[in-house]
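First the structure, then my questions, so here it is.
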Amino acid sequence: TPVMRLLRTEGSIIIFILILAQGFHYSRTCDCDQQYFCNCSSNHLQQVPKVPANALGLDLSFNQIESIDMNDLSPYSELKTLNLHKNKLKFIHKEAFKSQHKLEVLDLSLNNLKNLSSSWFHELNSLQHLNLVGNPYTTLGPAPIFQSLLNLRTLRFGSPSLREVYKNGLDGLTHLDEMTFVGSNLRLYENGSLKAARPIGLVSLSLQNLFQNDPELVSKVLQDVSHPETLLIIKDVTLITNTSTEPFKAAREGGTKSLSFQKSTTTDEAMTSLLMVMDGSSLSYIGLEDVHLIGHGWWQKASYTHYENLHTAYIRNLDIQGFFGFSSMMQLGFLLVHLHKVSVINGTVFVIPQQTTPLLKNLEYLDLSQNLLSDLTIEPTLYTGFGAYQNLNTLNVSQNVLKSLGLISRLATNLKSLTYLDLSHNSFVSMPENCSWPATLRFLNLSSTKLRKMTPCLPSSLTALDLSENDLMVFHQRFPQLTTLILTGNRFMKLPQGELFPRLQTLLIQRNALRMFNGSDLRRFETLQYLEASNNNFVCSCEFVSFFRQDVDHFITIRDGRRNYVCDTPFTLRGDAVDSVRLSVFECYMIPAVLVLCSVIIIVLGLIVVTCYKFHIIWYLQMTKAWIQAKRKPAVGRLAEELRYDAFVSYSQHDAEWVEEILVPELESAHPPFALCLHKRDFQPGRWIVDNIIDSIEKSHRTLFVLSEHFVTSEWCRYELDFSHFRIVDEHNDSAVLVLLEPIKKETIPKRFCKLRKIMNSRTYLEWPEDEEKRSEFWSNLRAALQRDE
């Protein structure tokens, strides 16, 4: 019925709209790039969306997906990365990952998974990185959950809700390099649960208050993960009392060499206790990152401990409560004398007391970046008396409040082993004309120091120099040993002179004011191999574009991507990659092209002028114009008063004697006399010759041609003949009368006299007789030919 057909039609339309809406939803929520990575993050998705089947990466983090059914991921067998971080996952089908044989990264962290199933991982033979942190599962094991993940390298698991941990298959993982375990509320731990088949390179434990509340359980955990080859990181803990440090005996017994505390709170008393607990260990690295330290710095109780193997101390973002009441580091002298590498980054350090520096005899590396060192405090800090810093080869005092480069150079001169010096992010502004530096210095970083001018202050012994992010425009100092030069973020308008750097191999000069560079610029660098010069104001001239596209690779290797070299001018090319620019020949060679074009025009005009002159084309055109005008006049019924002459005589100037002395007297004295038009006598003075010819022929009843060898070589005679021929053709009359003054062979007549050939072939002509007896007959015939029609 019509109603049913209407409903069926409307239903189809609704389904079509829903399909379109769903497609639009997918295209809006998921962005897939050319590397087949689909980003569907933070789009309020409640289920796995449709993406291309060949997707290699799928980011579904920060959505509201609650479950993954068996077929949700089955179309995506090429996936290598799957991120489901921060969803609401409660259920994952046991065969949900059955088709993901190539999956390498799986993130299920911060969801609502209350149980972990080993069946999820049975087909994930290629999985290398797994994150299960932050799910509310309370028990781990005793089923071997991770047993099938034979290629797993990184494992993160555990949560604050975890209560019991049993053996779970870690002992079968032979490639595990990194493990993170969160068990802040752990109550039961089976020995061996976190012990892998081989030592793990990095183990991070977040056990929070367990060190305080259940040190025995912590000891079990540390016993399983401690090893000389393992970096042990303790996170989110509070070490206040001596008891809280007791579990570290297990770390000492396990031979731990590297120990780091992160995001923790401790006291000087607890740290003293830790040092005593670890006394005699093989500890070689101690790290404190984002640690809040309480106390006054009393370490006397640990002064008799032995840490001959402790070579490295790394301290970053250390917050000392009551910092200005903290004691000198002299009491840690028993540790300082052994240290080879010390980093105290962002620790509000403003000075190292002069009495302390002699303890740093073995120091080779010192990083005091992001602190409060000034010109007043840097001198005692770098005091070199009593053998201090005698082995120091690397010094980093970047991001402090230093202002005098001359002072730093003078102090650095005493550091006889110094090879690397980082002074970046200070406020030097200027540099003195002369400075002294240690002869061993090879690497100098002066980036972001507000420098405006280069002077001979810098040491010529350098092999690497970083002057990036300053305000420099010129570079004149010679560096015979320099192999790496970084000038990024300055105001250079051209490449520095290559002769200044005979050994330079790498030049970085991005974000300057470079306009262009060419082969001659690069040829001046004898050994340059690598160049990074993107993000400059390149002028895309023909020379630069051609060189960059075709020749630059013959000189150096561009390391920062050719697509990053873009045009600034001309305006029409601004923003275009130099590699994509195509310039026309005219644009590339404008001046030569204009010269050639002008030359061609001049030559053509010259040829036209010569042609017109040689062939009298202008006159011919004028004659044609006159003929056209004459053609418009009535062809017949010409008024008698318009014909002033009986004949217009056309002859060569060489035949003028015959015409003037024989022809004219004979005809003009006849009875009745003939009125002849002669150019010498009857042409109007000052008028153009062609106009005179045309007008005279127009006003003559006949045109009398006196033919001779001279006639056929006269251009004027040709014009008169041509116009007469036009008149014959146009008016269909017999106006032309030919008198052959001397014999002319038709084949000798030039081709340009084609009209004469036609007339001689179609008309009878009179020949001037040599025999005087026949001349009377000639005159009689001529008078008859010239006689006007009645």
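Even glycines carry a Cβ here, placed using N, Cα and C.
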Identify which of Cys457, Cys540 is listed by TrEMBL as the disulfide partner of Cys435.
Cys457
According to the record in TrEMBL, which candidate from Cys32, Cys540 pairs with Cys38 in a disulphide?
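Disulfide mapping in TrEMBL sends Cys38 to Cys32.
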CB neighbours of Cys457 (disulfide bond) within 10 A?
17
Could you measure between Cys32 (disulfide bond) and Cys457 (disulfide bond) for me? Cα positions, answer in whole angstrom.
53
Restricting to the chain of Cys38 (disulfide bond) and a gap of 6 or more, list residues whose Cβ falls under 8 Å of its Cβ, or answer none.
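Counting only residues 6 or more apart in sequence, the Cβ neighbours of Cys38 (disulfide bond) under 8 Å are Cys30, Asp31, Cys32, Val51, Pro52, Ala55, Gly57, Leu58, Asp59.
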Across all the protein chains here, work out how many other Cβ atoms are within 10 Å of the Cβ of Cys32 (disulfide bond).
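Taking every protein chain into account, the count is 18.
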